[in-house]
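Pasting the relevant annotations from Swiss-Prot:
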| type | residues | note |
| --- | --- | --- |
| BINDING | Gln11, Glu69, Ser138, Gly142, Thr143, Gly144, Asn204, Asn226 | GTP binding site |
| BINDING | Glu69 | Mg(2+) binding site |
| COMPBIAS | 429-445 | compositional bias 'Acidic residues' |
| REGION | 420-445 | region 'Disordered' |
Amino acid sequence: MREILHIQGGQCGNQIGAKFWEVICDEHGVDNTGKYNGDSDLQLERINVYYNEASGGRYVPRAVLMDLEPGTMDSVRSGPFGQIFRPDNFVFGQSGAGNNWAKGHYTEGAELIDSVLDVVRKEAENCDCLQGFQVCHSLGGGTGSGMGTLLISKIREEYPDRMMLTFSVFPSPKVSDTVVEPYNATLSVHQLVENADECMVLDNEALYDICFRTLKLATPTFGDLNHLISATMSGVTCCLRFPGQLNSDLRKLAVNLIPFPRLHFFMVGFAPLTSRGSQQYRALTVPELTQQMWDAKNMMCAADPRHGRYLTACAMFRGKMSTKEVDEQMINVQNKNSSYFVEWIPNNVKSSVCDIPPKGLKMASTFIGNSTSIQEMFRRVSEQFTAMFRRKAFLHWYTGEGMDEMEFTEAESDMNDLVAEYQQYQDATADDEYEEGEEEEEEAA
């Protein structure tokens, strides 16, 4: 019932995805051979959201793994949970996308896409009532961004009424892996605006800061960063996998978070923040969780919610707690910080409560916010894009794969439109509407 099909693409996506499955297996008591050895019936009650039950009582993730080069897949396969995946669900090429969006989207990726779609179809047919897809990828490289968005648009064509949720790692402001990141990211956002329902925006730099400042890790590795992401990913779907008092699913989430269809880029946070291996020893209270969850330092993308306003937000609590207390805390947050919420959407914070906490914690919470301040990220990428595109730097790598300059111009203006839309709603007040009507009448006169 209500299955979610997980897809991971490119190096970043596969590494995040591998971590995610470690967390999910742990929560459901599935070991790295797919055998169940948990201690509670609740772990099995809705295990089929993320797993197929195979012969011999093994649980196999509903996961499709794709990449344009074999390297990362090999390391996933030889990793701790590598043997749990279905071998047919690894789909990879040999050539690599070389950080080139056009290779991922038009040439190399397009050659591989049909084999990926075959696997997706096969997995979807195994589902009772498929709820939607979750895609892990980065927007800075070639495969996750180019081929990832190609796959998303193909799935959109074939399953138009299913939810499409992405976990997208944006290029960081200061830490850059490749020079052409702004190109790849802008071309990807252009696709995500059209074809995804909900995008959880992540950012390595913000994750580094959390590891460094809050978790006091001197030299955070990608493993530590992905550990944070996977905690959030697990939190977003816990309501589907465990019984709860206030449930939410991907569609309820979308209905409550997206006031305008294009504005579906969310910042995410998690509390309590703990480093790998060391769980905090003091039990947290709901007010403490709430405070940490809304803290700007806790956001996993490099945008500061204090620079904008929340259109909507959603708080998912896990553990044994009173729903009344949760509701009081949420109302409390809105009352104390009312200037940070748009006043023309009353009660714009939704909360849900799931009874089962993550492994090793008494209670935890996941935060998803639709804040206008996310425009900072788009704006930053857009500036870098324009700086290079003005000089047509590196463009030949893309046109050589059959792309047209027009596409770049379109993607650029789409990104700028998105920024303008966020700005427009940030500035809007509750009584704007009728004034606009009057102005139009005056102009007509």
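Glycine is treated like the rest: Cβ placed from N, Cα and C.
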The record names Gln11, Glu69, Ser138, Gly142, Thr143, Gly144, Asn204, Asn226 as the residues that bind GTP; what is their largest Cα to Cα distance in Å?
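That value is 23 Å for the farthest Cα pair.
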Counting all other Cβ atoms within 10 Å across every protein chain shown, which of the binding-site residues Ser138, Asn226 scores highest?
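It comes out as Ser138.
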Could you say which of the binding-site residues Gln11, Thr143, Asn204 has its Cβ with the most other Cβ atoms inside 10 Å?
Thr143
Please classify the secondary structure at Gly142 (GTP binding site) using three-state DSSP.
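Note: Gly142 (GTP binding site) is coil by DSSP, not helix or strand.
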Between Gly142, Gly144, which of the binding-site residues has the fewest other CB atoms within 10 angstroms in the structure shown?
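Least crowded of the binding-site residues Gly142, Gly144, by Cβ count within 10 Å, is Gly142.
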Same chain only, sequence gap of 6 or more: which residues have a CB within under 8 Å of the CB of Glu69 (GTP binding site)?
Phe92, Gly93, Gln94, Ser95, Gly96, Ala97, Thr143
